[in-house]
Every structure is written in C-alpha cells, then in structure tokens.
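What follows is one structure encoded as structure tokens, with my remarks underneath.
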Amino acid sequence: TTINPWDVMLCVSGTAIACENAIVVAIICYSPGLRTPMFVLIGSLATADLLAGLGLILNFVFQYVIRSETVSLITVGFLVASFTASVSSLLAITVDRYLSLYNALTYYSERTVLCIHTMLVGTWGVSLCLGLLPVLGWNCLHDYAACSIVRPLTKSNVTLLSASFFLIFIIMLHLYIEICKIVCRHAHQIALQQHFLTASHYVATKKGVSTLAIILGTFGASWLPFAIYCVVGDPDYPSVYTYATLLPATYNSMINPIIYAYRNQEIQRSMWVLFCGCFQSKVSFRSRSPSDV
C-alpha cells in the first residue's frame, strides 16, 4: 500500500504532541505542589492532548499495518474522545480563569474545588460518550451515502461535533471578553487609587489582553477551518481538503502545552527539578495564579 504523505505528517504531528504533553503530565504528577485547581485543569488538557497524539500515531499504524473495520472504528472513536476532551478542557480552563477574577475573594474555597471536579467529570464524560458513538453503531461502514468527510463518521455525527465546537468557541469568546473587561477595570481602579496610570500598569494590561487574543486566536485558527469544512464538505471532494484542514487542528494540541504549561513559572521550576534533580535556583520564581492571563 502506498503511504499517503498527509498521513505521515499527521503521524509526525501526533508524535510531537504526545512527547510535549507527556512531559507536562509527568511534571504535574511528579510535583506535589501542583495540585491546585488551575494545574489540575492543565493536567486534564495535557492528558487529553497526549491521548490525541497517541491516537494519531495508532491511526497511522492501524491504517497501514492492521487494516480492520473494527480497529478503524475504535481508533476514530478514540480520536474523537481525545480531541473533544482537549477542546472541553480549554473551555474549563477559561471558566476557571473567569471565576478566579470574578470571584477573587472566594476562589480558594471548597466550592471552587467542587466546581473544578464537576467540570472535569462533565468534560471526560461527554467526551467518552461522543467517542463511543461510532463504535456503538453511529457510523457509515455499510452506508456510504451517509458518510462525512471523515470516514467512517456519518454526516450527522460530524455536524453534532462541529455544532458543539461552535458553541464552545462562542462561550470562550464571551468569557474572554468579560475577562478583558475585568482586567481593564482593575487597571483603571489601581490608576485611580494612585491618581495616574503608570507605564507598568498600561504594559501589564496590554500584555494580558494580548495574551487572551493570542489564546483565542490560536484556538480559532486551528479548529475553525476543520469545523466549517465538516459542515460544508462532501465525501466526494478530494481528500486533500480534509487533510489540509485537519492537520492545522492537530497543531492546537501541539501549541497548548506552550501556552498553558511551559510559560508557567511553577511548571518551569518543577521541570528543572524533574530533569536536573539538583536544582539550585538563583532566580526568583513567582507563583502564578489563574488570573494571570
């Protein structure tokens, strides 16, 4: 069987995703200090992206080594569940950041822990259910006319997944707009207390808003093309269109650990401890809170 170069690129992407996120998962599991709600959610995101990376690798192996309809269904279901958990974890992180600013005085409480655990159960429960749908019969193995651009998923299946993505994207957009308003309001209140807006406050506010724009822009640029094509595309169209929109979507899982984990100074310190063992820091690491957008 001739190997499709696009499948090779997806496999390479999956390998990079798995390696990056495996490090994040190892760091969070290894470090007892990283047990706060923020890091639990980052760990959930890294786990979902790690599974997505492994799913891309397995999909390549089973496509060219073990050709089986059953294995194909399981692999596709695994990928659907993993990427759904990844996108849902991003939403959970956004909600957490919003709550840390909106309810700053009561954020560090048992209620917040319960909220985080509820979001995690919901995230992985819904993702598992969506991943099981193809395996339980919602597939087009015996009805080609019902197939979507992602075989063996049906058109109605990918429409549901796309609609879920659009809903999550809209909710995240709304929450990040609210976060920007809160950040700017806090900066203005500080300026009023000090009777002027210092350059540092302006720079910090601008940096925070820019970071939010980068986060949402990266997420949208990665997933929107594929989600839109899932709705408007046809299985008779050249497969290159599917690959060309799916590949950038996988890059989101590659970028997530950089945005949400490796930039965090607590994780940076834990990484030095994990890999060096004898970390002697002369640098003052500042503990970041979820509100550090």
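Just so you know, glycine gets a Cβ as well, placed from its N, Cα and C.
According to TrEMBL, the protein carries these features:
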- 6-31: transmembrane segment (TRANSMEM)
- 20-260: domain 'G-protein coupled receptors family 1 profile' (DOMAIN)
- 38-66: transmembrane segment (TRANSMEM)
- 72-93: transmembrane segment (TRANSMEM)
- 114-138: transmembrane segment (TRANSMEM)
- 158-177: transmembrane segment (TRANSMEM)
- 209-228: transmembrane segment (TRANSMEM)
- 240-262: transmembrane segment (TRANSMEM)
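Mean model confidence of the domain 'G-protein coupled receptors family 1 profile' (20-260) amounts to 86 (pLDDT, 0 to 100 scale). Of the Cβ pairs linking the transmembrane segment (158-177) with the transmembrane segment (72-93) and spaced 6 or more residues apart, 3 or more are under 8 Å, so the two regions touch.
Beyond the transmembrane segment (72-93), the same-chain residues lying 6 or more positions past its ends with a Cβ under 8 Å from any Cβ of the stretch are 38, 41-42, 44-45, 47-49, 51-52, 54-56, 58-59, 62-63, 116, 119-120, 122-124, 126-128, 130-135, 139, 141, 150, 152-153, 161, 164-165, 168, 171-172, 219, 223, 249, 252-253, 256, 260. Sequence-distant contacts of the transmembrane segment (38-66) (same chain, at least 6 residues past either end, Cβ-Cβ under 8 Å): 1, 3, 7-8, 10-11, 13-22, 24-25, 28-29, 72, 75-76, 78-79, 81-83, 85-86, 88-90, 92-93, 96, 100, 116, 119-120, 123-124, 127, 250, 253, 256-257, 260-261, 264, 266-267, 289-290.
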